[in-house]
Amino acid sequence: IFGGLVLDVKRKAPFYWSDIKDSLNLQCLASVLFLYCACMSPVITFGGLLGEATKGNISAIESLFGASLTGVSYSLFAGQPLTILGSTGPVLVFEKILFKFCNDYGLSYLSLRTSIGLWTAFLCILLVATDASSLVCYITRFTEEAFAALICIIFIYEALEKLFHLGEYYPVNMHNNLDNLTFYSCQCSPPTNASDQLLQRWNQTGYDSSDSVPWSSLNVSMCKLLHGEFMGPACGHHGPYIPDVLFWSIILFFTTFFLSSFLKQFKTERYFPTIVRSTISDFAVFITIMIMVVVDYLMGIPSPKLHVPDRFEPTSKHRGWLIDPLGENPWWTLLVAAVPALLCTILIFMDQQITAVIINRKEHKLKKGCGYHLDLLIVAIMLGVCSIMGLPWFVAATVLSISHVNSLKVESGCSAPGEQPRFLGIREQRVTGFMIFTLMGCSVFMTSVLKFIPMPVLYGVFLYMGASSLKGIQFFDRIKLFGMPAKHQPDLIYLRYVPLWKVHVFTLVQLTCLVLLWVIKASAAAVVFPMMVLALVFIRKLLDFMFTKRELSWLDDVMPESKKKTEDDKKKKAQEKLEEESRLEEEEECKLKVCFDGSNRLTIPVNSFSGSQEKVACVRVDVSPDSPGEGSTTETFL
């Protein structure tokens, strides 16, 4: 019991002090600033969606507090502190279903949620005690790449979706006539049918009837408050057309993405010394955000900004920071809560461990080891704490974790301009995660600064993270092979040993699994998403009947592509060297013998008297009739 946990602690404890010392680098500061901006928006957005789903029982301030508390604890005590915790879509779906269930049956939502959370924490600790995390050996590249690809695609899709949704809040007139611009106007007018409830609202605002309201002089917010109707050629369905904001948001979005990508690659440019290029590359995203904030401020266009709660108190006045697991619910709810807790346990376990496997890949060249059991224990403990405090649950976030690792890559610093630097490893430490979530907790007191950050800029950062995290996923390299002629295909190691049609079959199976995961996650059945991720492991085992072990070792091996290719090249060189040595041995056997090599060439080995090195002399003998030695035999002419 707890054998794996003890080994994790023994493995990680000697590196604890170095985890602090290794953070004393400018690159870590750049990583903190980048990930802080990247983590803030999804946490606040998730809190807002949770507030809508639970009618304010859990909202943005609880999400900020929970993320900060869980992230700081995880960074300090986890086995793999490079992992970044975040919220997940299936958790939100589960919260919606649970809240609706409690409303339908008259149960206390927060109390039942606390019971489920405590059961989930207990089951996760039980998994730690039984060393269930050792099952990650069955999570091969097939499973982890399908999962990582799905999360990256979701990041990209949601970034674009949020950008397009701005068109609903800031509508554009698609049928403009430039000659009639002077006639365009939009005014507030009274509603056609005023209900009794509407009349009561008007009375509350100081107006007795519709005639007493100065409709034509009301601004947009007051017109919406009094449920007026917008009339005029410059009006859309929800208010006046606002073309500048939408187009400016699109400019901010794509400029952020392209500028971040350009500055990240600045290390390989031909300008400035190496230290300058490296610093610009490390701070690429933060520099981009600062530039976009300044440009947006100078333009003065009212783009949507990041909204952070400015008071540290529960959103709902009917709750505190500690929740009773029983509350007003019947006693049997404490026992029944174990059933949905099983589903939550699978969700937490699969999300956490697949992300951990991706972070601990061999191509990242991590030197301080992993800690799957310790990671799950910290997540379980904090899940129980968040349940008692009525805070959202947080688990490993795949894209944020990959972005964290990518921001801490250590590369050779002596590369010449235009030369690709050599990857050396990852700067493994605990301080970046600790600082990211500490700043997140202090965000309540920094609203005066954060309110200047445009939301389209953060959406552009999401697009950048999703796109950059796709790099290095072998699955996408294999998809490209479908439309690539054989003569233009790159020298990939698996193409040397696996037939191309079998590579395509393997890719199609993986692509089918990805599409099924997407359909389930986007549907009402998203709550069973973790079960489908678990099913990927069994689908991978079925491939053993379609492919040989040798073929799967090339397609699904955990060893990185570059390392496999290097080892294969070494084997080929060793084989060539062996063949060369055998040829020399054959020539040595011809010593003191006259050997014919063809019809008119003699090979005569000559021993050197000054040393042990052997010399070979070749004499060409012309025996044609026109030669001076016509009629002579080969022996007499020689």
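Backbone N, Cα and C atoms are what each Cβ position is placed from, and that goes for glycine too.
Keep in mind the model is a prediction, meaning the values are calculated, not measured.
According to TrEMBL, the domain 'Bicarbonate transporter-like transmembrane' annotation covers 1-560. The annotation transmembrane segment is assigned in TrEMBL to 24-46, 58-77, 116-139, 146-164, 245-263, 283-301, 331-350, 371-395, 431-450, 457-476, 515-539. According to TrEMBL, the feature region 'Disordered' maps to 565-587. Annotation comment: TrEMBL describes 565-581 as compositional bias 'Basic and acidic residues'.
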Best-contacting stretch, by C-beta pairs under 8 Å, relative to the transmembrane segment (58-77) and drawn from 24-46, 331-350, 371-395, 431-450: 371-395
Positions on the same chain near the transmembrane segment (371-395), where near means CB under 8 A and six or more residues out: 2, 4-5, 7-9, 11-12, 46-47, 50, 57-58, 62-63, 65-67, 69-71, 73-74, 77-80, 83, 85-88, 91, 95, 110, 113-114, 116-118, 120-122, 124-125, 127-128, 131, 133-134, 136, 314, 319, 321-323, 325, 344, 347-349, 351-353, 356
Touch test for the transmembrane segment (331-350) and the transmembrane segment (24-46), at least 3 Cβ pairs under 8 Å: no
For the transmembrane segment (283-301), distant same-chain residues with Cβ under 8 A (at least six beyond the ends): 30, 33-34, 37-38, 244-245, 248, 252, 255-256, 259-260, 263-264, 266, 452-454, 457, 460-461, 464
Contact yes or no, the transmembrane segment (457-476) and the transmembrane segment (245-263), 3+ Cβ pairs under 8 Å, gap 6+: yes
Contact call for the transmembrane segment (431-450) against the transmembrane segment (146-164), three or more Cβ pairs under 8 Å: no
Beyond the flanks of the transmembrane segment (24-46) by at least 6 residues, Cβ under 8 Å: 60, 63-64, 67, 84, 86-87, 92, 279, 282-286, 289, 306-308, 392, 400, 403-404, 407-408, 410, 427, 429, 431-432, 435-437, 439-440, 443, 450, 453, 455, 458, 461-462, 465
